[in-house]
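Taken verbatim from TrEMBL:
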type	residues	note
BINDING	Ala69, Val70, Lys71, Pro72	NADP(+) binding site
DOMAIN	9-97	domain 'Pyrroline-5-carboxylate reductase catalytic N-terminal'
DOMAIN	161-266	domain 'Pyrroline-5-carboxylate reductase dimerisation'
Amino acid sequence: MTGLPSLLLVGGGRMGSAMLAGWRERGLSQAIVVDPSAEAAKLAGPNVTVVADAAAIPAGFAPEAVVLAVKPQSAAEALPAYARFAGGAVFISIMAGKTVEAVTRLLGVPAAIVRAMPNTPAAVRQGITVAYAAEAVTPVQKALADTLLGATGEIAWVEEEGLLDPVTAISGGGPAYVFLLTELLEQAGLDQGLPPELARQMARQTVIGSAALLAASAEDAAQLRIAVTSPKGTTERALAVLRADDAWPKSFREAIQAATERSRELSA
Ligand SMILES: NC(=O)C1=CN([C@@H]2O[C@H](COP(=O)(O)OP(=O)(O)OC[C@H]3O[C@@H](n4cnc5c(N)ncnc54)[C@H](O)[C@@H]3O)[C@@H](O)[C@H]2O)C=CC1
Ligand SMILES: O=C(O)[C@@H]1CCC=N1
């Protein structure tokens, strides 16, 4: 099956390799990955070539999409080498914070740019990507971006680019908060004297099982929470602590605000 057109992936790290895995399932015709790391070299396979540098891309290669998956801090150094594809390709940037304007400036030429924010559950095709298409992106290019970004999970589009900053804070970074919760549950189990293996097993399976229940249920998160919380029971006591002095709600509001501001700082 060769469902996808030729693609160029710049950066084959955690997110880039997860996206590539999703595209492989959709059927790759030809993809080139540019990444200097030894780890990324392992991504080579049927219809996938890995090169260490943009200079090694074959002269006649004409990708329909260029996916920018390097760190925002590497953008200034990496991007100018891809300006030559701006005539024919849609550029899809997943770099945190980097605006369409910044990507255009770093490329040095006008280009059709989609700014998108995936998350790491993409690695198991359970991600969510939120994307914004700039004006120069044609409907056909947007459809291709939708296919590529949707290969790793759900996709939603926004009409206002500024929304990508809080999106980055919430769904982009969200898995980290869930994993921290898992770590904290395990630590609390240890603090209560539970055997380490049991504390770990309980913390992991509680998060995994809760996510599966949320996925399988027609009820929303608040209803599922209420279903656990027996009146005058143990959970009610715990939730009262988490909400005392607005503790968790305040922490989350401030954490998301801080991450949103960091996304804005990374814009240039
Ligand atoms: N990790 C995450 O949860 C998410 C990350 N992102 C964004 O995705 C981008 C990549 O992040 P990760 O995959 O986590 O980072 P990573 O460090 O795993 O991957 C970056 C890759 O870029 C390669 N690289 C460095 N300089 C390069 C160059 N000049 N040309 C080509 N490749 C080069 C590195 O060798 C590395 O393999 C970042 O911009 C980040 O903001 C977006 C959503 C979620
Ligand atoms: O932490 C970061 O900057 C990236 C963006 C969202 C998740 N990881």
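All residue numbers here begin at 1 and follow the chain in the order shown.
Using the three backbone atoms N, Cα and C, a Cβ is placed for every residue, glycine included.
Unlike curated entries, TrEMBL annotations are predicted automatically.
The structure, with features from TrEMBL marked on it.
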| residue | record | Cβ neighbours (10 Å) |
| --- | --- | --- |
| Ala69 | NADP(+) binding site | 24 |
| Val70 | NADP(+) binding site | 22 |
| Lys71 | NADP(+) binding site | 12 |
| Pro72 | NADP(+) binding site | 18 |
Residues flanking the NADP(+) site, with Cβ no more than 8 Å from the Cβ centroid of Ala69, Val70, Lys71, Pro72 and excluding those residues themselves: Gly11, Gly13, Leu68, Gln73, Ser74, Ala75, Ala78, Ile94, Met95, Ala96
Distance-selected binding-site residues near ligand 2 (C-beta under 6 Å), from Ala69, Val70, Lys71, Pro72: none
Conformational class of Pro72 (NADP(+) binding site) under the three-state DSSP mapping: helix
